[in-house]
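Data first, discussion second: the structure below is written as structure tokens.
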Amino acid sequence: MTATSSTLDGRWRAGLTGLLAAAAGIAVAELLASFGDPGSGPAVAVGGVLVDAAPTPVKEFAVRTFGTADKPVLLSGVAVGIAAVAVVVGLLAARRRWFGLAGAALFAVAGAAAAVSRPSAGLLAALPSLAGGVATALALSALNRRRASGTDPATAHPATAHPANAQTANAQTANAQTANAQTANAQSVSAQSTNAQSVSAQSTNAQTASAETPNAQSTNAQTPNAQSANAHPVSERPASESSASRQLGNAQPASDEPTSRGFRGRFAPAPGRGLRAPGTPDVARFDRRAFLQAAAAVSAVTVAAGAGAVVTRRVRGGAASRDRQAVRLPTPAEPAPPLPAGQDPAFVTANRDFYRVDTALTVPRVDLESWRLRVHGRVEHPLTFTFAELLQRPLIERHITLNCVSNEVGGPYIGTAKWLGVPLAPLLREAGIDPGADQVVARSVDGMSIGTPVRTVLDTADVMLCVGMNGEPLPLEHGFPVRMLTPGLYGYAGACKWLTELELTTFGAFDAYWVSRGWAARGPVKTASRIDRPSSFGHVRPGAVPVAGVAWAQGRGIDKVEVQIDDEPWRPADLLPVPSTDTWVQWRLTWTATPGPHTLRVRATDRTGAVQPEQRATPFPDGATGWHTVTVTVDD
């Protein structure tokens with residue numbers, strides 16, 4: 001093995017050391033976090049900080065590009081970043097141990113700071129990352145004990161090419177610790193070392209060295225600046241040399257400083273160093289067995305801690321799921337009216353297909369027994385409700401369409417469900433609203449804040465605290481046990497999930513999460529429409545082709561939908577009946593398709609007479625606008 005290849009192998013081992021240590025630290029931290037708040041784990045906490053700090057264009061790009069997979073992509077990116085830093089720390093720690101300790105400390109501090117910065121976190125949220133930092137440091141220390149004393153034979157260079165000098169170097173390496181040996185002992189060794197003399201006879205230079213120095217040991221004794229104080233003996237030593245080693249075994253390294261057993265000084269080499277020619281690399285021997293043993297131990301800890309974290313989270317998640325399954329929703333005081341005849345089955349979006357857009361990297365698991373809803377702030381009578389107390393209030397059931405402000409023109413982040421919940425307006429009136437309060441700030445268990453105009457809540461009868469969705473308790477991903485829903489507003493302005501707090505305040509006194517990041521303070525839904533069939537860049541046969549989609553303007557309702565084929569005049573589409581103005585409208589028409597490429601576009605007009613604008617606008621800061629357009633090829 002050459003010195004270059006050995007160096008490369010050493011770098012690979014150092015990088016692997018960093019990766020293994022970081023993995024152990026992450027696993028230990030996630031295990032501790034699984035017993036408390038899963039969001040306090042370093043990966044999730046750092047990911048949350050990145051979500052909060054990311055500029056709006058970056059967030060929009062992530063939602064547009066990755067869709068509902070944006071969270072796994074983000075966490076994967078965090079993992080890659082941690083791995084890259086871990087490799088660098090491993091390389092540095094191979095040179096200086098304190099570099100590794102500094103890297104572990106940085107890991108702990110960064111994770112702890114990210115965890116405690118979350119709105120709902122306390123100081124205890126720092127513990128998982130701190131423990132993970134300690135685990136990382138211990139793993140680095142264990143893995144870096146792979147260096148054994150001596151010089152790696154694969155990479156060390158002989159002191160000289162001459163055999164006599166090589167023999168001298170070997171003899172020096174064999175007994176480098178006998179620097180202060182007595183002359184008489186050295187002579188005795190010389191008499192016994194016939195093999196060394198025969199080797200010396202091969203060179204005049206070597207003979208001279210042998211005459212002046214009966215044994216390599218005396219040379220070393222006369223030269224305080226010996227190169228190898230603790231080198232391991234080489235193989236195939238003659239018996240006389242072994243005898244010399246025994247006779248001189250108690251000698252101490254040369255030194256300029258007396259001690260009780262010899263001299264120890266600044267000229268003595270560092271432990272683990274051997275003789276080497278000037279300009280040759282000093283490479284510590286790699287103990288492969290020790291490294292593999294340490295790596296196996298660290299990997300075992302990592303696997304055990306990681307498995308423990310997964311099991312604990314599943315157990316706790318299972319408890320939340322059991323709480324949800326145990327909920328028996330009361331019969332609503334006002335059931336939803338039946339859907340009009342002729343509705344397409346896709347009018348109601350199944351729970352499993354309902355879009356999810358939020359900042360929660362892990363779904364909160366809420367304990368029903370300890371959950372409370374607080375109503376406070378600028379109210380006369382602060383209120384607190386348990387989940388059971390909410391279910392005892394009169395419930396209403398409504399079909400309502402909910403959409404996300406991040407939805408692009410023609411995008412998928414919209415759905416309709418049958419919601420069951422407590423009307424919010426009567427509840428706030430019971431608390432006694434301060435006349436000066438104009439904003440209701442809803443907060444979730446993970447600290448998300450969403451601001452809704454008080455006037456919208458009081459004037460819209462169907463604003464509710466939802467406990468059910470499509471005939472079952474809220475799914476965990478959609479806000480169990482309680483979420484807020486405000487018809488006519490985008491989700492960021494009126495649909496807080498995992499709700500735990502309602503605060504009456506003013507828009508001037510507080511900016512909710514998205515408002516503080518530049519989004520509009522009030523988020524009314526804009527009139528929009530979408531073509532669902534045929535799909536863009538699809539192929540159809542000539543003749544009668546069904547064209548269909550949806551249009552929405554919650555709170556106002558849709559008056560008409562028009563479709564344009566190429567540059568032909570706009571054609572009115574047929575509208576299917578709807579239960580209320582708070583849902584989308586399904587529309588359809590039949591197109592007689594002719595061979596070739598065609599462009600289809602759609603526009604809607606709401607019941608106030610406002611026509612969906614043609615000009616394209618991005619979702620930021622208050623929702624996208626523009627006509628949805630698809631290109632279709634009619635095959636001949």
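Cβ coordinates are placed from backbone N, Cα and C, and glycine is handled just like the others.
Here is what TrEMBL says about this protein:
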TRANSMEM  73-93  transmembrane segment
TRANSMEM  98-117  transmembrane segment
TRANSMEM  123-143  transmembrane segment
REGION    149-281  region 'Disordered'
COMPBIAS  154-211  compositional bias 'Low complexity'
COMPBIAS  212-230  compositional bias 'Polar residues'
TRANSMEM  290-311  transmembrane segment
REGION    321-342  region 'Disordered'
DOMAIN    361-508  domain 'Oxidoreductase molybdopterin-binding'
Under the DSSP assignment, what numbers of helix, strand and coil residues are found in the region 'Disordered' (321-342)?
6 helix, 1 strand, 15 coil
Quick one: DSSP breakdown of the domain 'Oxidoreductase molybdopterin-binding' (361-508) into helix, strand and coil?
25 helix, 58 strand, 65 coil
In terms of Cβ proximity under 8 Å, which residues at least six beyond the ends of the region 'Disordered' (321-342) contact it?
348, 366-368, 391-392, 394-399, 418, 420, 467-468, 472-476, 480-481, 576-580
Which bits of the chain, at least 6 residues beyond where the transmembrane segment (98-117) starts or stops, bring a Cβ under 8 A of a Cβ in it?
18, 21-22, 25, 29, 39-42, 45-46, 48-49, 82, 85-86, 88-90, 92, 123, 125-126, 128-130, 132-134, 136-137, 140-141, 144
